Amino acid sequence: MSTSNIVDALIIGGGPAGLSAALAFARQNQSAIVFDSGRYRNAATDYMHLIPGLDHKAPAEFRATARSQITDRYDKIRILEGVDIVAAKKTDADSFELSDEAGQTWNGRKLILATGVEDVMLDIPGYAELWGKSIVHCLYCKGYEQRGGSAGVLAVGPLGNVNMALHIARQETALSKRVTLYSNGNESLAGELVSAFGSATAMRTDARKIKEFVAGADGKGVAIRFEDGSEVVEDYLAHQAPVKAREGLADLLGLEKGPNGEVKVSSPFQQASVRGVFAAGDNGAMLKNVPNAVFSGHVAGQMASTQLLADLNGQKSIFPI
């Protein structure tokens, strides 16, 4: 392989984690290619939060600004939009080769997976349509704008247990006057929740079986329609959908995974189980939000850059990577 055809880093994912990793390489005058499929977990939401200076900005605006800042200022970073990487492997030369859907290949000395995850929608009519709007997965990201009224917790799936359901319900009590935990027909869980309420007076349960979700009046809030024909309206409903990896690249590379399917990384260095592969953002973290994606993306970029510079100089890195 000619060294003229290889870049320092291949970064799969053009969200906050991938862009942050690219910026780390840019600041060390190293070359990188970012492959942006155009699929983003927060595409359904109108605004993102928790980033000082960018609070309540549209996710698309954040990405566009980051892309332009990187490519306008740093000439060794390329961002390829609309490119899906379908294959990845480590070569005999201890570098990495990627292939896209059209069969084009790229080679890089280090590889950063920032592919994110995909939320698996519940099989309840209306759930997918309201996801990211009035059905929210993170109360630090959304919920403040709907504060002051009533809210619900959908206590099914990942939230279908006392510990997780109450964890989310407690967050809602800081935002809403009344919190109802909906167990969707699970009478046993509803009873366990009541027993665990303690001194909480703002919480209650509803075990009725849910038929569908529809948008509230003027598109605000969520109406929960039950199989018995009744209906209630909440300002918003919190739920954490199950997630899955967007691409099977981790399996192709033989990477170890954590209990929830995320790429297993060495903390705090973000290196995966194969040397030279780093993971950042939602696909390698328990806390899946924009601030953590930005942080872990920078760490992955810095550590991959640091490891590469040690390799090129025939030395060991100061870090155990």
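These residue numbers are counts, starting from 1, taken along the chain as shown.
From the backbone N, Cα and C atoms, a Cβ is placed for every residue, glycine too.
Feature list (source: Swiss-Prot):
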BINDING   14-17, 36-41, His49, Ala114, Asp282, 289-290  FAD binding site
DISULFID  Cys138-Cys141  disulfide bond
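Among the binding-site residues Gly14, Pro16, Gly38, the residue whose Cβ has the fewest other Cβ atoms within 10 Å is Gly38. DSSP assigns Cys138 (disulfide bond) to coil, not to a helix or a strand.
Cα-Cα distance from Gly38 (FAD binding site) to Cys138 (disulfide bond): 22 Å (rounded to the nearest whole number). For the binding-site residues Asp36, Asp282, the ranking by surrounding Cβ atoms (within 10 Å, all protein chains) places Asp282 first. Here the Cβ of Val290 (FAD binding site) has 23 other Cβ atoms within 10 Å, regardless of which shown protein chain they belong to. Shown in sequence order, Lys288, Asn289 are the residues of the chain, 6+ apart in sequence, with a C-beta less than 8 angstroms from the C-beta of Cys138 (disulfide bond). Long-range neighbours of His49 (FAD binding site) (same chain, six or more residues apart, CB within less than 8 Å of its CB): Asp55, His56, Tyr140, Cys141, Lys142, Tyr144, Val290. Taking all protein chains in view, 19 other C-beta atoms sit within 10 angstroms of the C-beta of Cys141 (disulfide bond). The number of other Cβ atoms within 10 Å of the Cβ belonging to Tyr40 (FAD binding site), over all protein chains shown, comes to 17. Annotation note: Pro16 (FAD binding site) sits in a helical segment as assigned by DSSP.
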